[in-house]
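S.K.: One structure coming up, written as structure tokens, with questions to follow.
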């Protein structure tokens with residue numbers, strides 16, 4: 001009976017198809033089921049966009065299509081027998097979207113869609129919904145359809161639908177974007193089980209990921225159709241209602257993502273018209289990848305693509321930090337940069353010769369101001385230089401008392417200072433008063449009231465009544481003599497020395513650069529080349545560009561700072577080498593640089609001499625130079641003119657000290673305090689000239705200007721070098737300041753930690769006199785350290 005019913009239905013379908021072909025689209029509207037077709041005609045709009053209008057399919061459309069299929073299934077069979085080739089390709093193209101989007105396009109493709117391999121699962125559904133009589137007929141139909149479809153498959157590859165749908169779009173898309181679209185698909189993709197029901201499709205998807213973008217071929221289409229046809233009979237008896245529910249789900253919404261993926265590989269193109277929903281499913285594909293092909297998942301592939309193509313994905317942000325270390329070796333940071341206020345550019349650094357480099361070395365000993373400025377720029381200076389308040393409060397020794405009347409040096413160092421002597425013991429009863437003992441020397445600072453004076457004793461200051469002290473040097477005489485003090489007079493600039501005015505600020509950027517400020521006066525010491533000078537400013541020496549200054553008096557030609565050769569007349573006289581640079585502050589003073597050779601003309605006094613350098617003559621301090629040639633011993637003794645201000649006794653002592661070349665010298669190992677008037681007191685480290693050996697235990701010697709006897713066990717003989725040095729330098733040893741000392745009176749010598757003090761002379765057990773930068777004065781012994789003469 002089933003066969004008879006099938007033949008009758010086929011004959012009726014054939015007749016209907018013939019009538020249907022002769023009719024126009026208007027006739028199709030005259031069918032009795034027009035009201036059901038009308039809602040289905042709405043989806044044609046999404047079908048125009050080939051694959052993206054998949055949003056149109058809805059469960060209502062499925063029901064309508066099921067009713068329509070019940071009336072058209074017979075027609076589909078007749079068309080397959082008659083061999084209507086144009087319809088089958090349209091069927092396959094619209095089968096996957098559940099026959100909703102593409103059916104409204106044309107009535108013919110809508111009829112043929114029911115022949116798709118998925119229709120066998122829906123045929124029974126439609127018939128069961130229509131009537132129970134037609135339920136047995138769908139089972140044989142899939143078999144006939146398989147044969148008809150397989151016979152028509154040879155013509156199917158020529159169908160232009162497959163290449164038109166997806167490949168041209170996705171060929172231009174990048175691989176990274178395609179994989180990103182996959183990542184978007186899985187969360188919203190409901191029809192995952194449909195893809196699981198077609199394992200062949202999954203395998204094709206896996207293999208397609210590895211392929212490059214080939215165009216779809218007919219064989220691939222045949223394989224896909226054949227595989228679906230084979231699987232259809234198994235699905236007919238299987239789960240019909242679950243498939244219907246899955247079709248009802250909004251699977252077509254993921255159609256755009258499916259279209260992007262198959263375009264890249266070529267094996268999945270046949271799945272575009274048939275299985276768009278399964279393709280977006282990422283989890284089953286990833287599982288299939290890991291189990292079947294054993295290759296990376298899509299997410300990992302996307303990460304690899306982003307890492308391999310950082311320019312496209314923007315993941316190359318981590319690369320810039322690696323770039324900075326590269327140019328460090330190749331790049332050279334500009335050594336010199338023009339200051340902010342400087343219009344001219346800095347010239348290239350000068351090329352200095354070996355001699356110039358040697359001369360540029362910082363001297364071991366410098367002036368106090370030089371040493372102070374250099375120490376401020378170094379960490380050593382920070383530790384050594386301290387404020388006076390810190391010095392007195394923390395670790396500096398206490399100032400010793402001033403020399404009292406009767407002391408051998410009292411008249412020399414205290415008479416010029418306004419001071420008085422306490423007549424009685426004074427105990428301060430009110431704040432601001434000074435306490436002292438009888439006989440203490442009080443230095444008068446100012447007169448506060450009619451009967452009170454502001455005085456100082458050591459570190460303490462306070463008021464003292466006039467009746468409690470005896471004034472030795474009043475304040476009025478001190479004030480009258482003060483204007484004559486050259487230390488308080490304004491010292492003009494040496495207009496005769498080569499100098500220049502700074503036009504622009506020049507910040508020192510190298511060790512040898514001289515930091516200059518606009519408006520300063522810089523003394524020119526050497527013209528290195530046409531672009532650079534070497535000069536002195538604020539007791540600092542360095543090089544600076546010539547275009548930053550305006551030269552007032554230039555260095556004469558031939559005197560480019562290079563040490564002049566000693567002329568013939570130079571050899572005849574005495575010479576000395578400059579130990580430090582010296583800039584003359586008076587017109588009659590001689591300016592010179594460190595290391596220059598000065599021709600001695602005459603000695604002005606004990607501290608000054610007249611000399612000649614670079615054709616210029618002037619006076620200069622002797623403690624800035626070092627003798628080069630031994631002073632002549634025959635004829636007029638040079639040293640005899642060196643100390644014209646000394647007394648006759650001191651004169652003879654100095655001459656004997658120098659002339660007695662075979663004199664023996666010793667160094668004090670321990671301090672010795674005189675117990676009688678004939679004893680010679682000295683400190684540890686002092687160098688004493690032995691005048692006579694009294695016996696094996698006692699000797700007579702001279703220390704500075706004092707003579708006396710001392711025990712031989714307290715000293716040791718000096719080496720030959722020390723003897724020769726002491727013979728040449730009569731002033732003896734040098735001392736290095738350990739702490740800052742600020743003289744509170746004019747007779748005191750102020751210095752800073754690190755200064756080198758010369759012309760040492762012992763005043764008493766606590767005080768010494770010395771010279772620094774042309775100034776002499778007294779200072780406490782415990783503030784200095786004696787230097788060994790080498």
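Using the three backbone atoms N, Cα and C, a Cβ is placed for every residue, glycine included.
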S.K.: Here are some residues: 95, 217, 762. Which is flagged as phosphoserine in Swiss-Prot?
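M.R.: Going through 95, 217, 762 one by one, Swiss-Prot flags 762 as phosphoserine.
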S.K.: In Swiss-Prot, one of 342-358, 376-392, 393-409 is tagged region 'Interaction with SH3GL1'. Which stretch would that be?
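M.R.: Swiss-Prot lists region 'Interaction with SH3GL1' for residues 342-358.
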S.K.: What are the DSSP helix, strand and coil residue counts for the domain 'SH3 2' (495-554)?
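M.R.: Computed counts for the domain 'SH3 2' (495-554) are 3 helix, 31 strand, 26 coil.
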S.K.: For the domain 'SH3 1' (415-477), provide the mean pLDDT of the predicted model.
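M.R.: Mean per-residue confidence for the domain 'SH3 1' (415-477): 83 out of 100.
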